[in-house]
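Student: First the structure, then my questions, so here it is.
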Amino acid sequence: MRTMNHDLQGLLSDLKGGHRLGEDEALMLFETRGRDIWTIAAAADERREAVAGDPVTYVRNQNINVTNLCVNACGFCGFSKKPGDDGIYYHSREEIQQKAALAKSRGVSEICTVSGLHPHFTAESYIEIYRWITEAAPGIHLHASNPMEVAYGAERSGMTTREVLTGMKAAGLSSMCGTAAEILVDPVRDTICRGKIPTDEWVRIIREAHSLGIPTTATIMYGHCETEADRVRHLAILRAIQDETHGFTEFVPLSFIHMNTPIYRQGLARAGATGREDLLMVAVARLFLDNFRNIQVSWVKEGIKMAQLGLIAGANDLGGTMYEESISKGAGATNTDYLDPAEMQRVAEDLGRMLERRTTLYDMC
């Protein structure tokens, strides 16, 4: 019987020859321990260089979280509030437009907005907010909503999700967030986000968005109660969608922030992913998602030092400047508000690479 190291060498050699990684093979990579993780990271970095080149990219963006009031009770969330809780906010039209105008004055090219599911929101609420933003910041790329918000708006308004997406696009939606994916395995979803749309509904709405010319990101939230096999299944679902639609702009792994979350306090989740897992998530994703050009590391979730390591394990993008971020902060993250491009450049140059500013759709600025 071949040793694990021999198996790994053979598999990585096959990948260089054009072999497409299978789910069982991806699972083997996720289960790797010891110095072999560096071998996987190096192979992923070579793939990154071949697919995306050497530049480390970023987008100048600003986040707007409109409200933290939410009808859902996702176990992984430390951001949402219920009626009567302390600290509830809902930004007015004036406040939202002030934030959008500020973003425009900062030279931001993208405004990103995803919020709680406000009990009074309808599809028209989202559409109206998008009009406010694009009115205050004309020409901005609005990266907003996600399949859960689309489904919620449709249900509240008696509309189809296709009608909601069409209305959002007409109001200025340029691309959609691929969040609310978490782990696309329903038994896991029942534990961490009971009440959210099931896997097949998330997939359907993503495909629908792509069919309407609305590109989306793709995400995974890992490091809680899922297994390595669950992670592989999730990646396989994303790869199959991309084979069909080519509508994903990037893959963004989101490491679970545990500190202030119900599932951690209740003993249903562990204390987040380890550094080994963070590194392998980027590397295995680069090797498995062979139809994705761009893989991002989240400095918000992992901190800048771990994010830098991800850039030599298959990632090519550092995400955005953000300016403000409430969801990860609510869960206990400390690196959430703003990352200066000068610091991004220092990180990139430390690896012998150059920083390049991009648009949301990865055109270079």
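Cβ coordinates come from backbone N, Cα and C, glycine included.
As annotated in Swiss-Prot:
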- 56-290: domain 'Radical SAM core' (DOMAIN)
- Cys70, Cys74, Cys77: [4Fe-4S] cluster binding site (BINDING)
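I'm curious about the neighbourhood of these features; can you describe it?
Tutor: Same-chain residues at least 6 positions away in sequence with a Cβ under 8 Å from that of Cys74 ([4Fe-4S] cluster binding site) are, in sequence order, Ser80, Ile192, Cys193, Gly195, Lys196.
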Student: Across the domain 'Radical SAM core' (56-290), what does the mean pLDDT come to, as a whole number?
Tutor: 96
Student: List the residues in the vicinity of the [4Fe-4S] cluster site, defined as same-chain residues other than Cys70, Cys74, Cys77 with C-beta within 8 angstroms of the site's C-beta centre.
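Tutor: For the [4Fe-4S] cluster site, the extra neighbours are Asn72, Ala73, Phe76, Phe79, Ser80, Gly116, Cys193.
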